[in-house]
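Peer 1: Feature annotation from Swiss-Prot assigns compositional bias 'Polar residues' to 127-139. For 152-215, the entry in Swiss-Prot reads domain 'bZIP'. The feature region 'Disordered' is assigned by Swiss-Prot to 109-146. Feature annotation from Swiss-Prot assigns region 'Basic motif' to 152-192; the stated evidence is sequence analysis. For 198-212, the entry in Swiss-Prot reads region 'Leucine-zipper'.
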Amino acid sequence: MDGFEIASELLQASHHLPVLGTGSPSGSDIISGNYMLGYSADDANLSQFEQLEGLLGSPTVANHVDFGKETADLAFLDDSGGILSSVELAGMVSPPLDAVVPMPGITRASRSRPAFSTPASRPGLSSAKSPSLGATSPGSMDRSEEVKQLRKKYHEKYKERNRLAAGRSRQKQADLINLLQAEQQEEERRRKALELEIANMQKELVDMKQELQHHIRISNC
């Protein structure tokens, strides 16, 4: 039903109401709530408002508004004499929360969306990280022990070989020293022998000179 048709029906229904106070309320006052809010203290006014609701066939004006539209047509409520604010009108026109139907696309997307879990809550990651962080397996321990034993044997063999090489080098040096000493002693012996031979030759030369002089004196006589 259009807003102008509702306003005309309200104006026609207001003629059936008796005169109250200084004057009868207009149709816009009834729609905007001035008549209901200004005279709610009187019991007679309450009964008259119930008669008006019976004539209209609806307890509130909000039932005449089509909520299927994107925006409700509230042009017929525009009255300069109204005292209700836009917030109150929105409260009168807005549908109840129970009537709001969630969109199937949004709910389906929210249900189908997987819930993200933190890395700490994932059992797969924790189980995958646990072997590397935990103790090593017996096979790896045996291999590590075997590698350690091989390294130890290699170092011991290398040290033994170095000791033997150092011993051979020291022995060779000692042999060379002994050989040099023997050669030195031999040279010393030969030197002494040569010196003795030279001394003998000098002695013989002196004897030969003396004999030659003796022969010369005899020949001169």
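Here, residue 1 is simply the first one shown, and the rest follow in order.
A Cβ is built for glycine as well, from the same backbone N, Cα and C atoms used for every other residue.
Tell me about the surroundings of these features in the structure.
Peer 2: Within the region 'Leucine-zipper' (198-212), the DSSP-based counts of helix, strand and coil residues read 15 helix, 0 strand, 0 coil.
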Peer 1: Across the region 'Basic motif' (152-192), what is the average pLDDT of the model, as a whole number?
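Peer 2: Taking every residue in the region 'Basic motif' (152-192) and averaging pLDDT yields 92.
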